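Heads up: the structure comes next, in structure tokens.
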Amino acid sequence: MDTLIILIEVNHSCSIQTGYLVTVFIRRRKRTRFTTQASFCTFSSKAFHQEYPMKQAESFRLDTSWSSLAKHAPLLRLNALDFSDLWDDEDPELDSIDEDSSQTSANQIAASPVPPPPPPLAPPLPVASESQRPASCRTLRLHWSALLSLQPLPRVGRFGLQSFWAGLEPVQLDTNRLEYLFESKSSNNSALCSLMRGRQQKQPCVSVLGVKRSNIITIALSSLPPVHLLPPAIYSMDNTVLDREDIQRLQMLVPNEEELNLIKEAKAQASRSPLGSAEQCLLTLGSVPHLSARLQLWAFTLDHDILEREIAEPLFHLKLAMEQLAANQTFRCILATVLAIGNFLNSCKAKGFELSYLGKLSQVRDTHGRQPLLHHVCVLLLQLYPQSSDLYSDITAVTKASKCDYTQVQLNLSQLESLCKASWDQLRLLEKDGKKKKGKGRKEEDGEEATLHQRLTQFLKDCEERLKVLRAVHRRVINRFHSFLLFLGYSRMMVRETSAEVFCKTVSDFALEYRATRNAILQQREREKEKEREKPSQSTPKLKTRLQQSPSDENQEQVKLEEVLKTPESSSSFHFDFTLPRQRSKTSDKKGCPSRKLKW
């Protein structure tokens, strides 16, 4: 049957006297999965409804919006990580789950009829102590943390309704054999046993190493597997037991002959005293023949791919950078524009210029508006070559090559060659040591060593072939870079002095400045276009009135002028118009018509 579980939350309102808001959640369990159905019931006094009607409506609106959001839970997936198997009922924390389970059990007890009282339990059996146990049952004790009782599980569980321990099947043991194997051989006298244990605990450990060296070994051991597992992993070069960081720690712990002699002498003098953890570790590592050679060979097998990548990737970036610059049309247009401006300003006819001057274009400014020369170059390119790009987005390989150190690349190549040669010597040394112990060891160990030797031999042969390829790639890429500088007009002396990373950094920084300047010009033009679009809408009424008024004024003046010219001088109907121009007279103006004739 389905189980109904009612959870009641009481939300206290602003005042205790106004009432309470009770929210009831009903959860239905079906096939060990839970779906949530929420029903809201509000119980309050009449005064609360009359005084706070808006608060009640607002709280109901918030509850309904939250329930709608809870129903549409997002898909639990982050990139390639799928968490969709997590349940919705796994959201409550541990404390809320415990309270929920306690309330559920209380509700179930209240809902179920009262069962009859159980029969009286039998008295608990007394626990047998060591003194009560027979002598034949004395065995060693396991000092573990026993679980005397299992805690009840929460309602929601991904792993089942029972505890892990409750689902285990009983195991039949041969108790006689266990009693024989783990028989306690201590004396019956408990006082004597405690005295012997105290002496064993107080017995000092043999320590012959310095404090600093001992601390270094102790710190390294905290990150390494148990000491007794280290020699087998070193013999077989097992990457599942020791990784690259563990090998580096072991290389720091390789003991020298002096330390091994001190530890052996101290152990011979105090044979009953245990060795310290640091001394025991060095003694165990010292038992592995040619430990340093094995660790170096093992480290080279793990580091080879990384060293090869550190050499090949910068060379590939440089090769691709030269191809991008040679094929980029915007780069050609920029150089042509700068060359034309320079020839005009210098009054010369130069065939080209060194590209290191590109970094100084932002420093040269005009004398009128104090704009940098790079600004004018961008303006000219936008006018002459509107299809040109921002250059920086087209030469990503140049930016990557500018962050590489090609002097270090050459050193890494030399280091890889020396490591490969040293690995061959170390493999020959291990092969000789294996031949000496071939008759003494077991066949299984001989087979494992032969397989490891064959695998290492094949690996080093592949390294030699790949090293030849790396040498050829490095030589040809550097020679192509030199020819590319000659293609750009550099002299042979300048080619020898110019490094690849400096050249690429100069071009990359210039491309970045060019893109920033170009974007600023384009944004300024967009703002000006927006202003021009806004101005006509505001000034059109004024222009229309001016255009309408100006022709009428000119017509009126033309009509007046024609009337004056047509009117005879002796006519008595002539009236002087003060708006027309006239010659000034020394006599003062009088009202009425003047007696003198005007001269036009």
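Any Cβ shown, glycine's included, is placed from N, Cα and C.
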Given ranges 94-130, 168-204, 242-278, the stretch to which TrEMBL attaches the annotation region 'Disordered':
94-130
Short question: which residues 6 or more past the ends of the compositional bias 'Basic and acidic residues' (524-536) have a Cβ under 8 Å from it?
none
Composition by DSSP (helix, strand, coil) of residues within the compositional bias 'Basic and acidic residues' (524-536):
13 helix, 0 strand, 0 coil
For the domain 'FH2' (129-540), the mean pLDDT of the predicted model:
86
